[in-house]
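Undergrad: Quick one: structure below, then a few questions.
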Amino acid sequence: MDDLGSLVVKLFDIEAFKFGSFKLKSGIQSPIYIDLRVIISYPDILRSIAVHMNDIIQRANVACDSICGVPYTALPIASIICADYKRPMLIRRKEKKDYGTKKLIEGKFQPNDRCLIIEDIVTSGSSVAETAESLRAEGLQVTDAIVFFDREQNGENNLKEKNIRLLRVLTITEVLRYLVKYSRITEEISKTVQMFIRENQTQLPSSKPEIVETKHLSMSIRERFQMILKEKKTNLCLSADLPSLDEIIELSKQIGPNICMLKIHCDILNDFSMEKILQLKEISRKFNFLLLEDRKFADIGNTVKSQYTKGLFQISQWADLVTVHILPGEGIVEALEQAAQSINEPRGCLLIAQMSSKGALTDNEDYVKGAVQCAKKYSNFVIGFISQSRLTTDNQFLHCTPGIHLNNTGDQLGQQYVTPRQAIDGRGADILIVGRAILDSINRVKTAEEYQEEGYRVYEQLRHV
Ligand code: S5P
């Protein structure tokens, strides 16, 4: 008896495979019942399953940084594989905790880590797909899943549609073949089961949030921005220059409906963590606004590429948009665009063509011309400008204007303010970037509403949207 055959027979003997007539949860009558939970009572069988799975993982050359077991039966299997294969383990909870950190994924990981999912049995693939969705929502990459046993009820194809390759140790056809060969079941029983499987193929229901997500993913940042402006009737970008990401997260939940974009400076935060920034990202998806990291990149392309993707902040992982000085020449944009290609979501940037501060050296015609030329050349990635005037008649480029205040003309450090009307009418702004006018007000939400209303009213009037 070969190794796999002997394992199948042992599983039959411990009643992991039962034949007869069983009523399934769905109400359907099935000639086979498979329950691998019993394996935890048989350490040799448990290890043997893990060894076979490990073998397939090695042979399939799966590149993974961590392994996620699907509760419950797959967890002990995953633990053995993690130890043998020397990979850290993650667990996806069945339910979110309603206390403490509320995390759905337990274990340590980095964004973009490749994670292999381990499950005991696959039928439709729904639990693997749900696990992949939760892992991907946390920024992990999921391309492969391995199961011990495939019921061949279309799980493989269902998962392929979710861009997951299914690896497996055994199919139901192979199990039936072994059990007939080693006289555990008759040929007739095998045929009945095969017919049942053929007649009970599954499909995954397409869940609603996924459709929304795909819609976002298939849209360019430019299209998404335009859609947000129209749908939410706001051209207000809140410049959330606060020292605490916790506070920004709370504020964004309140002001989310009023803004089209949230701008932050991640390097002024005293509590930055990837976990928190991904939480903010989730809120930005929920309230449909873009996240702009006002990094003002200004180095040579090669350095900027690392500043964008690496370090503590890993900006490319979460910022839909970044701001970029054009001072070093167009290589800086080329570098960012290249780096953004490895991200699964659309990315873009705003070129800083003019600044609001007193004596800004950007007040130079050639400089501005250079910015517009660069924007046109890289129009897939550059979606607009930070500006103080209308720079081009090409309306695909959004003009975003900071230095906005209804009752102030400036601060002690060079900032100069104009009103929303002056910015849109006189300075050609599409988007108003407002910071302290909202942040320092007594009622931030009410003030944001006022800037939203005034800003969008003038924008509609003058841009005829
Ligand atoms: O020219 C500029 C460009 C930018 S991005 N002038 C600016 O003020 N900004 C940013 O806009 C600045 O870094 C700050 O985050 C925000 C303006 O903040 P406020 O409090 O003066 O409205």
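From the backbone N, Cα and C atoms, a Cβ is placed for every residue, glycine too.
Where the annotation comes from TrEMBL, it is an automatic prediction and has not been curated.
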Undergrad: Of K263, K276, K281, K377, which does TrEMBL put in the substrate site with D241, S356, Q415, G435, R436?
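TA: When TrEMBL describes the substrate site, the candidate it includes is K263.
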Undergrad: Filter the binding-site residues K263, S356, Q415, G435, R436 down to the ones within 10 angstroms of D294 (active site, for OMPdecase activity), Cα to Cα, kept in sequence order.
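TA: The binding-site residues close to D294 (active site, for OMPdecase activity) (Cα within 10 Å), listed in sequence order, are K263.
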Undergrad: Given a 10 Å Cβ-Cβ cut-off, pick out the one of the recorded positions K263, K296, R436 that has the most other Cβ atoms nearby.
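TA: By the 10 Å Cβ neighbour count, K263 comes out on top.
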Undergrad: Using Cβ atoms only, which residues of the same chain lie under 8 Å from S356 (substrate binding site) while being at least 6 residues apart in sequence?
TA: Q388, T401, P402, G403, Q415, Q416, Y417
Undergrad: So the record assigns D241, K263, S356, Q415, G435, R436 to substrate. If I measure every Cα pair among those residues, what is the longest distance in angstrom, as a whole number?
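TA: Per the listed residues, the maximum Cα distance equals 17 Å.
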Undergrad: Can you give me the average pLDDT across the domain 'Orotidine 5'-phosphate decarboxylase' (235-451), rounded to a whole number?
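TA: The average pLDDT of the model in the domain 'Orotidine 5'-phosphate decarboxylase' (235-451) works out to 95.
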